[in-house]
Every structure is written in C-alpha cells, then in structure tokens.
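The transmembrane segment feature in TrEMBL is assigned to 12-32, 44-68, 88-110, 122-144, 164-188, 200-220, 240-259. Annotated domain 'Rhodopsin' per TrEMBL: 28-264, in sequence order.
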Amino acid sequence: AEDGASQTSYIVSLVVIACVLSTLAVILRVFTRARILHTFGADDAVMVFAQVLTLGSAAAILAESAFGMGHHFWVMPAENLIPYMKSFYASIILYNVAICIVKISILLQFRRIFTYVLMQKLTLIGLIFEGMWATTLAILLPLSCVPVEAFWDTSVPGRCVNELTLWYFMAAINLLTDLLVFTMPLPVIRSLRLPQKQKIMLTGVFCLGFFTCIISIYRITTLKAAGSSTDPTWDNTDAAIWSLLELCIGVLAACLPTLKPLIALVLPRLFKSTTSAGG
C-alpha cells in the first residue's frame, strides 16, 4: 500500500454510525421504561453504564485514529507513538469491561422477564460469573505491563504478558459467554403463547444477538494481525472497528426487545393482537 494511504474516514464514519445507533437505542429504552411504563430497573441502569463505557471505547478508538491508526506505521510521527499506545491501552480495557457489563444488563433483563425457577438460577450463575470476570479484567488488564508505563513506552524497563495469548484467552471466554447468554431464553420463547408475528419478531431480535457472536468470532481472526504486525497502526484498524461493532450491536440486541411499548404507541397495528404492552 502507498505511504499516504489512510483509513481515517472509514474508521470515523463507522464509529459515529455505530455509536449514534446504540446511543439512540439506549435513550429510547430509558424513555420507554421510565416515562411510558414507569418500570425503570437495574437492567436499564446497567445498560446506561455499558453504553457510557462503549462511548469511552469509541473515544479511545478515535484518539488512536488521531494519533496514527489507519496510517502506515513508518509514516507516523515519533511523538505520536506514546499517545497512540496510551489510547490503544485504554481501548483494550474499556472494550473488555464494557462487553461484560452489556451481558450483565442482558442477564438482569432475563431475570425480569422470565420468572421460571430454572431461568432465575441460570441467570444468577451467569451474573456471578460475569461480575467476577468484569472485576478481574478491570483489575488485571491495567497490570498487563509492570510498571504500567512499559505498555506505551518501550524505553521504560518492565515486564509485559504475551498480549496475543491474553487477547485470545479473553476472546474465547467472551465468545463462550455470548453463546450461553443468547441461547438461554430460546427454549422459553418457543413455549410462549404469543401471536406468530410477535414470536418471529422476538426470534429476530435474538438472531441479532447471534450476529454479535459471529462478529466475536470474526474479531478473533483480526487479533493476530493486530498483535504481531510490523505495521500495527494499519493492521489494528479491523480489530478496533470490529470490537466496537460487537459492543454496539450487543447493546442494540439488548435494547430492541424493551421498545415494544414504544413501538405499540407509534405503530399500534403491529401489536393489535395483544392487549398488554410488555417490555
């Protein structure tokens, strides 16, 4: 590729579109739960926190882009390297914690919707695991290099874990929990007494959740390029973008089912066969 090649417009446009859609979904969710149903709960509050972390991750990616991501490493000004690596460091921590918080919100949502004893037990186990995993990541990821400064400044003597091995391990745990969380309610949905149209819509929303799993799988394939490249500022672009898309689509998948009462107000014919406005 040419020295002057740039992926900046690609990065910025995707980050902005993804963040606008996920933020809009969270705002509509909060409006629906707080103003229409007056049932704003812990799952909604946790989702707001997850979106704040998602926007933080997006800001870190935009900072990476400003300092050189999307351009070839050999044309990056030397003074940009440390701020670029600091932004990269922040994006790794924010992404990994945010993806856990999204799933905690989804599990809390399942506990609200599905009152079956088995689902209550399964979601409690999931919440304990995700809570412990998020806490572990929040504590240990900042310590992946000791001292911390060694992550972004190669002149600082220190010790760092093998980042590619660490990324693969975290990605595998993330994918496994994705699959467990999004398959958990499917047997219950099949047994629900809902009109066929609504069952199809609900299944479609969970298919969006499985799309998040597909993104998670594809993201794993981008990690090697990001972690072992001789042109990291260019090759990290895909991993950064797909990480953010995974977050934003996860947020969308979690928020869409909560918007039924709002949609019922705007498009009542869509739900004319049911008298309750769930959510």
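In case you wondered, yes, glycine gets a Cβ from its N, Cα and C as well.
TrEMBL labels come from automatic prediction, so no person has curated them.
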In this predicted model, what is the average pLDDT of the domain 'Rhodopsin' (28-264)?
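The average pLDDT of the model in the domain 'Rhodopsin' (28-264) works out to 92.
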Give residue numbers and ranges for long-range contacts of the transmembrane segment (12-32): same chain, 6 or more residues beyond its ends, CB-CB under 8 A.
40, 44, 47-48, 51, 54-55, 58, 61-62, 65, 241, 244-245, 247-249, 251-252, 255-256, 258-259, 261-262, 279
Could you give the residue numbers and ranges of same-chain residues that sit at least 6 residues beyond the transmembrane segment (200-220) on either side and whose C-beta is under 8 angstroms from one of its C-beta atoms?
168, 171-172, 174-175, 178-179, 181-182, 185-186, 189, 192, 194, 239, 242-243, 245-246, 249-250, 252-253, 256-257
Do any residues, 6 or more residues outside the transmembrane segment (44-68), come within under 8 Å Cβ-to-Cβ of it, and if so which ones?
8, 11-12, 15, 18-19, 22-23, 26, 29-30, 33-34, 76-77, 80-81, 83-84, 87-88, 90-91, 94-95, 97-98, 101-102, 104-105, 108, 233, 236, 240-241, 243-244, 247-248, 251, 254-255, 258
